Structures are given as C-alpha cells and as structure tokens.
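Copied from TrEMBL, the annotated features are:
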type     : residues : note
DOMAIN   : 13-449   : domain 'Major facilitator superfamily (MFS) profile'
TRANSMEM : 53-74    : transmembrane segment
TRANSMEM : 81-104   : transmembrane segment
TRANSMEM : 110-132  : transmembrane segment
TRANSMEM : 139-158  : transmembrane segment
TRANSMEM : 170-189  : transmembrane segment
TRANSMEM : 240-262  : transmembrane segment
TRANSMEM : 274-294  : transmembrane segment
TRANSMEM : 331-353  : transmembrane segment
Amino acid sequence: MPQVLERAEGCWAWVVLLASLVTQGLTLGFPTCTGIFFTELQHEFQASNSETSWFPSILTAMLHAGGPLCSILVGRFGCRVTVMLGGALASLGMVASSFCHTLSQLYLTAGFITGLGMCFSFQSSITVLGFYFSRHRALANALASVGVSLGITLWPLLSRYLLENLGWRGTFLIFGGVLLHCCVCGAILRPVATSTAPETKEGPPPPSKTSAPGCLAACGAAIQRHLAFDILRHNAGYRVFTLGVMWMILGFPLPHVFLVPYATRHGVDEHKAALLISIIGFSNIFLRPVAGLLAGRRDFAGHRKYLFSLATLLNGLTNLVCAASADFRVLVVYCLVYSVSMSGIGALLFQVLMDIVPMDRFSSALGLFTILESISILTSPPLAGEAPGGREGGTWVAGYGDREERNSLDRFGCHPASPGLGTWNPIFPKHLRGLAADCSPAGTQGVNS
C-alpha cells in the first residue's frame, strides 16, 4: 500500500518539529541525569570514580557513535522506523539494567544498548528536520534543541525523586517505560515528498554492468557512502569543524557527569546539587530559541561558524569559574554562564554542519562526524575521573576517593555516601582516626583497640 507523502514546509512539518523536540529531550537530554546516580552506583558496586564514570561515558559515546549504522537504517527504512526501533532498544536497555549485578552488565545494558537506541531516535529526528524544513531550517533546529533543554531540566528532578522513593533499580525500570515514548514520536514522522527524502528500497541495488565488485570493494563502497570519508578528505571546512568539535568534547560533557557529585562533595545539599543541572536546562529553554533566531538571520548566515567558535571559547572559560569555588551561589552563577555558551553550541552545532556539507550528503557526513565525536566522549569522563589532583591534593572530581580507601573506611563502619561525610578530607590514612570517631560505635571501638 503506497504511503501518503507530506509536503515540506507544510502544516505537518511543525508537528514533526514537536516530535523531534520531544525525542531530543528523551534522548540527548538523558545523559545529564546520570550524575544523580553516580554516588549510588559507586557505593552499590564498590567502584572507583573512573570505573563508575564508564557508564555515562559509554552511554553518551554510543549515542553519537551509532551514527553510521543509523544512516544505513534511515536510508533503508526511513526515519520513522529508525526512531521507533531506537525507542524500543533504549527502553529494553534500561529495563534490563535494573536487574544488573555488576558494572560490566550495566555497561552493556544501560550503556551500550540504551545508548545505541537513543542514537537511532535522536539522529533520525535531526535528519528528518532537514527534509521538512529549508527556509526555516535554522529556526527549526534551534526550536528542536529546546527539547534537550527540557530534558536537562526535568530528567535530574525526576531522577532525584524516583531515586529517593524507588532506588536506582526501580528508577531505571521506570525510565524504560518513559523512553518508549520515542516510539510514539517516531510514528508521527511521516515520509516527506521531496527529491532528497530517504527512500525505502525493496532490495539490494542491481549489479553493475561492467564487472561485479568483490566483497572488499563492496564494503569499501558502503563505508564511503555512509561515512563520507571523501568529504573529510576534500572539504577543509568539514575537516576543521570535525577535529575542533572532537577537541571541544573532551571538556564539554564533564559538568553533566560530575557537577552533582562535585557539589555534594563540597557540602551542597543533594537536592540543591540536582537543581544545578536543572538550572542549566531551564535557562537553555529560553536561550536556545534566541540563539536559533540570531543564527537564522541573513546578517549572520555567513558568520555562523565564527559564532560557534565564540560560544565554544566561552564554554571553556566558564569552567574556570567552577574550579575557583564550590559555594552554591558561585555554582549557580557558573550554571547560568555555562547555559549561555551551551545554548550557542546547541543551536549552531548541526546548523553549521548543514552549512558545510550538501544536504544530500548530510546523513553520511553526520554519521562520520558523530563517530569521531564519540571517541572524545568515551574517553573524557574516565580521564577526568583519573586526573583530579590525586591524594596529595585532596581534590576529587566525584569526591569519594578510590576503592581501597572506601573499603578501609567500610571496615570501620564508615560509608562515603553517609550524610555526615559530605565534606571529609579524602587523604588516607592520615584522617582515618577522626573519621572513624564520627561513625558507628563499632567503628570507634575498632580504632581505639
């Protein structure tokens, strides 16, 4: 039965925009809440900072690294089926993660499977906007990215509430049901009647009339088609932009992972610490559309890449504010300034990419762009967890020391997640006697004996 094709820039385009907005909130906004569970997972699995940070790292990396596979699925089945498949995978991964007993299992379920599913839903919802919008493409991308801001605002608040009432296992189970709404959003993405829209193919392409290529040549042609290495070689703008974003990503996702545990480590109340991420998201709700409107103006059409570079520079300098002080009021100012730079990056990132590459190659260019970007995303949080100044400096990104230290404290009845240890000095064993005196009676007797 032939499908009814929608008209680009028509009324249904704005419904698709709403579906893309919700999808981005459910997927790209989700990794920002993983810091809420950092301490809980660290204590549950007796893991170090670096080991625990691999969970959000794998999740976020897969959200971007699955781009080439997503490009293949979009070309074969279209954006609608790909988004719905991604929602089902993301839900399955979160439900399975609620039954995990080791961090390795969590890496596979909540990290790999959920991240891959979110990648299918997120990147397909971005691609379909390019087919539905042409004149208002910059505005559409900016409005759709408001969904990320809504996700950043709501996911931490929902996570904190569910964590206190259901624990992390029950929370992950609920998240599995929430992520199924990506399937609803995918059902809205009707095919669009444009010459560049992805077509559903009934079978493999017919063989060449000259000579049948070998298996290796066929694989090379598929990689070339879906990863756009030719654009990377011959398009200097795409090459510079991709390498620059890879370098930026080494620091860009760290506040989303470590800001909450960093604040609680320095005595900030857990509810206030969770509120910091929500402040970033709430500010972006208003800032991203403004950034999108500015980027869509003809006066700035030729300067979007420079505006993106300025936003990236401001984002990097903003982190110095967080390093200067851990007072809650200072962190609030940090979140507000960080939101300004983040809104510029979010509104311009894909628009600049669309300006650099032709739209008919955007899907494959996006696939290569995201898989290179994921390399930085994968390594950034674990590297940060291993490089917070060491024991001598007494400064820890997540604030709870390493496994050996925690196990030694546990023998005296102390637990890093205990409310009374929010501001303890992590140098070990110099302050162990004082720490044990603040713990259970059994712990005090153990030290005195």
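Positions of Cβ are set from backbone N, Cα and C atoms, glycine also.
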Under 8 Å Cβ-Cβ from the transmembrane segment (240-262), and at least six residues away from its ends along the same chain, one finds 31-32, 34-36, 38-39, 53, 56-57, 60, 152, 156, 232, 273-274, 276-277, 280, 305, 309, 312, 315-316, 319, 322, 326, 331, 338, 345, 349, 352-353, 356, 368-369, 372-373, 375-377, 379-381, 383-384, 397-400
Over the domain 'Major facilitator superfamily (MFS) profile' (13-449) the mean pLDDT stands at 75
Ranked by Cβ pairs within a distance under 8 Å of the transmembrane segment (274-294), the first of 81-104, 110-132, 331-353 is 331-353
For the transmembrane segment (170-189), out of 53-74, 110-132, 139-158, 331-353, most C-beta pairs under 8 A are with 110-132
Answer key: the stretch among 53-74, 139-158, 331-353 with most Cβ pairs under 8 A to the transmembrane segment (110-132) is 53-74
